[in-house]
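Taken from TrEMBL as is:
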BINDING   Gly9, Ala11, Val12, Asn16  Na(+) binding site
TRANSMEM  33-54  transmembrane segment
TRANSMEM  75-103  transmembrane segment
DISULFID  Cys115-Cys124  disulfide bond
TRANSMEM  173-193  transmembrane segment
Amino acid sequence: MEFLLAVIGYAVDLGNIWRFPSTCYKYGGGAFLIPYLTMLFIGGLPVFYMELVLGQFHRSGCISIWKKICPMFKGIGYGICFICTFIACFYNSIIAHAVYFLYSSLQSEVPWKTCDNPWNTPLCAINLSDSNDTIASNESIQLRGKLRTPSEEFFLFNVLEENYSQGFDDLGYIKPSLAICLTIVFVLVYFALWKGPRSSGKVCYSYISSKLVCPYNTMRDLRKISRILDNLRAR
């Protein structure tokens with residue numbers, strides 16, 4: 001059971017939940033599924049199955065297995081390790097942002113609720129239906145530029161601090177809080193994998209369950225929001 005959960009956790013990663021829906025919507029919605037499913041059955045599943053069968057049959061890692069099959073191809077194993085390292089750096093950075101959001105949400109009032117924070121700009125705007133302001137005369141309020149929500153500015157100017165960077169030529173300094181969050185994520189990943197499938201399988205119990213619960217909660221909330229908007233339009 002733990003091996004099955006570990007395989008599912010390996011096959012279904014963060015990109016399936018976070019990136020795949022937007023990619024599918026960007027490239028035609030349902031029409032995108034036709035070439036996707038075609039390549040999945042022609043190339044994806046056979047290669048994935050071959051990788052599992054070779055590992056189970058030889059009981060070896062991705063580097064040592066090619067030394068047994070054909071030493072000339074051991075570079076494939078090193079390539080797999082390099083790819084996994086790059087993917088880990090990419091995904092762990094995203095998880096570090098989630099850890100930072102989790103820490104920020106533990107405050108008595110979440111910092112992305114208002115526009116009164118030091119990182120907010122004049123273009124920050126809250127939902128006018130939640131405000132209680134009085135205008136002396138019949139005037140229109142106009143702001144030049146694209147308005148941003150407090151949550152968007154919290155991510156851009158507090159988490160990423162992109163206002164301190166001018167591009168790839170000037171990335172700015174390392175933010176200590178994000179560096180700590182990234183270190184915590186790498187430590188958790190290490191302890192989840194240091195005993196191989198025996199430890200990663202136990203971690204996958206909570207990992208797989210969260211992958212099933214989070215999309216369900218998101219779809220449920222979206223259905224509630226859509227119903228609320230339909231009721232408001234009906235009025």
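Each Cβ is built from the backbone N, Cα and C atoms, and glycine gets one as well.
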Candidates Ala11, Val12, Asn16 (binding-site residues) - the one closest to Cys124 (disulfide bond) by CA: Asn16
Contact call for the transmembrane segment (75-103) against the transmembrane segment (173-193), three or more Cβ pairs under 8 Å: yes
Rounded to the nearest Å - Cα separation of Asn16 (Na(+) binding site) and Cys115 (disulfide bond): 33
Sparsest-packed among the recorded positions, when each Cβ's other Cβ atoms within 10 Å are tallied, from Ala11, Cys124: Ala11
Close approaches to the transmembrane segment (173-193) from elsewhere in its chain (Cβ under 8 angstroms; 6 or more beyond its ends): 88, 92-93, 95-97, 99-100, 103, 159, 161, 164, 199-200, 203
DSSP three-state assignment (helix, strand or coil) for Val12 (Na(+) binding site): coil
Cβ neighbour count (within 10 Å, all chains shown) around Asn16 (Na(+) binding site): 12
Count of other CB atoms lying within 10 Å of the CB belonging to Val12 (Na(+) binding site): 15
Whole-number Å value for how far Val12 (Na(+) binding site) lies from Cys115 (disulfide bond) (Cα to Cα): 38
